[in-house]
Amino acid sequence: MPGSASNNCLGPWPKDVGIITMELYFPSQYVDQAELEEFDGVTAGKYTVGLGQARMGFCSDREDINSLCLTVVQRLMERNSLSYDCIGRLEVGTETIIDKSKSVKTVLMQLFEDSGNTDVEGIDTTNACYGGTAALFNAVNWVESSSWDGRYALVVAGDIAVYATGSARPTGGAGAVAMLIGPNAALTFERGLRGTHMQHAYDFYKPDMVSEYPVVDGKLSVECYLSALDRCYSVYRNKIHAQWQREGSDKHFSLDDFDFLVFHSPYCKLVQKSVARLMLNDFLKHPSPDTEAGPFAGFDAFRDVKPEETYFDRDVEKAFMKASAQLFETKTKASLLLSSQNGNMYTPSVYGCLASLIAQHTASQLAGQRVGLFSYGSGFAATLYSLRVTQDHTPGSALDKLVSSLSDLRVRLDSRRKMSPAAFSEIMKLREETHHLASYIPRSSVEDLFPGTWYLTRVDDKHRREYARRALDDELPAEPELVRTASASEHIPSPVKKMPRMPTAVAGPGATSSN
């Protein structure tokens with residue numbers, strides 16, 4: 001396994017700490033956004049062009065946040081032939097809350113039971129779409145700290161994004177991402193290069209404890225997202241300038257210094273606008289921009305604009321989107337594959353975009369590149385940071401294995417089942433009426449799930465949830481053993497011992513809100 005921790009725990013600081021491998025999970029069914037436009041009676045192109053969304057994945061009443069995370073964790077462990085006793089920290093980032101006390105992480109610990117490993121730090125981290133990033137930072141900090149014991153950290157980001165009927169509904173989605181963190185990684189964190197901005201705002205929030213639906217102020221949410229991007233980019237640039245100055249360089253940082261740019265994607269069009277926004281920042285901060293030729297040609301009229309007054313300025317937006325079109329094509333567009341085809345996954349969104357970027361490039365194309373990532377969660381919290389891709393792209397290297405593990409992403413997306421907008425609407429209604437109930441038996445078919453997917457079997461009269469796993473081989477009977485959110489005194493059958501290991505390649509997959 002690349003990134004082995006055992007050889008790196010003797011020195012004062014682990015080397016090249018970051019993401020070693022990733023696993024994705026998204027639902028086996030989707031609704032077509034063009035068909036949804038017609039069903040909703042809106043103008044053609046409102047969702048597909050205006051939002052930039054093509055398809056939206058969604059969960060039936062068979063799936064909840066626990067089942068999503070159970071699936072993605074077990075798939076990562078199986079596909080990489082990892083033993084559960086090699087994990088020393090497990091942290092979950094999610095805003096999909098089905099219990100106000102018990103963490104998703106504790107449910108996942110049932111996967112560890114057969115290994116006997118209970119010495120696993122970490123719990124759930126919650127702040128809208130930012131929770132996955134906070135969990136990732138905590139994991140990296142743990143590996144780089146005096147608390148590290150030489151084992152890997154495992155980060156899980158997962159959510160089910162659903163909205164009430166109306167303009168926000170097409171910005172939903174669902175999924176989970178698991179990331180193995182340790183030294184000698186394929187994607188390493190650039191030390192000291194994080195620009196963070198935190199502020200109080202009611203742009204998107206979930207005050208109703210019995211509803212999955214958020215309260216959304218769409219216009220404010222977009223303003224918060226773009227203002228956070230401005231602030232984070234400014235802080236990041238100041239920090240990298242300080243590093244360069246200590247190294248004796250007076251170089252001016254710009255978007256050219258990012259080889260790729262990845263963003264939290266509530267909808268794809270906002271990401272395209274974000275690239276334009278960063279170009280606007282470069283222009284306004286440049287001491288003497290060339291407005292006669294080059295990317296800033298013809299921008300004299302914008303030299304004195306104030307960023308805080310341009311969030312909804314159509315002239316500024318149009319000019320800089322046009323000027324940044326090539327940057328978007330080369331640095332960002334590839335990252336939107338999963339977002340455009342599956343929708344907003346909330347906490348996993350930015351990491352689904354990172355996986356999409358990796359899946360559509362070769363190891364040699366990625367080697368040595370700097371990837372900028374912007375993570376945003378409403379309320380709000382945001383960070384812009386960078387990863388450096390390892391230079392080693394030889395066959396069998398950490399990077400080669402990471403790229404190979406994600407190379408089937410498009411095939412997995414294409415293997416999903418299309419549902420009609422009417423069926424989608426019925427399932428959303430079913431979730432709305434039943435997701436918080438006790439003594440509930442899910443009604444949707446298990447056969448519609450991808451092989452290897454964990455699913456909800458029932459909720460008992462005390463709201464305790466029970467799960468089973470669909471077999472990896474379609475010819476095998478459904479997994480009879482249940483995983484329960486039960487007391488420690490109850491015996492919980494191991495979900496690992498009797499399941500065949502997942503092969504390297506698997507047939508299945510693993511609004512205006514900017515949450």
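Backbone N, Cα and C define each Cβ position, glycine as well.
Across the residues of the domain 'Hydroxymethylglutaryl-coenzyme A synthase N-terminal' (13-185), the predicted structure has a mean pLDDT of 97. Taken from TrEMBL, the feature domain 'Hydroxymethylglutaryl-coenzyme A synthase N-terminal' applies to 13-185.
What TrEMBL records for CYS129 is active site, acyl-thioester intermediate.
Marked as domain 'Hydroxymethylglutaryl-coenzyme A synthase C-terminal' by TrEMBL: 188-470.
The annotation CoA binding site is assigned in TrEMBL to SER221, LYS269, LYS273.
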Residue pair SER221 (CoA binding site), CYS129 (active site, acyl-thioester intermediate) - Cα distance, angstrom, rounded: 12
Site with most surrounding Cβ atoms, counting all protein chains shown within 10 Å, from the binding-site residues LYS269, LYS273: LYS273
C-beta crowding around CYS129 (active site, acyl-thioester intermediate), within 10 angstroms: 35
Other CB atoms, at most 10 A from the CB of SER221 (CoA binding site): 26
Among SER221, LYS269, LYS273, the record's CoA binders - longest CA distance, Å: 14
Distance, CYS129 (active site, acyl-thioester intermediate) to LYS273 (CoA binding site) (CA atoms, angstrom): 19
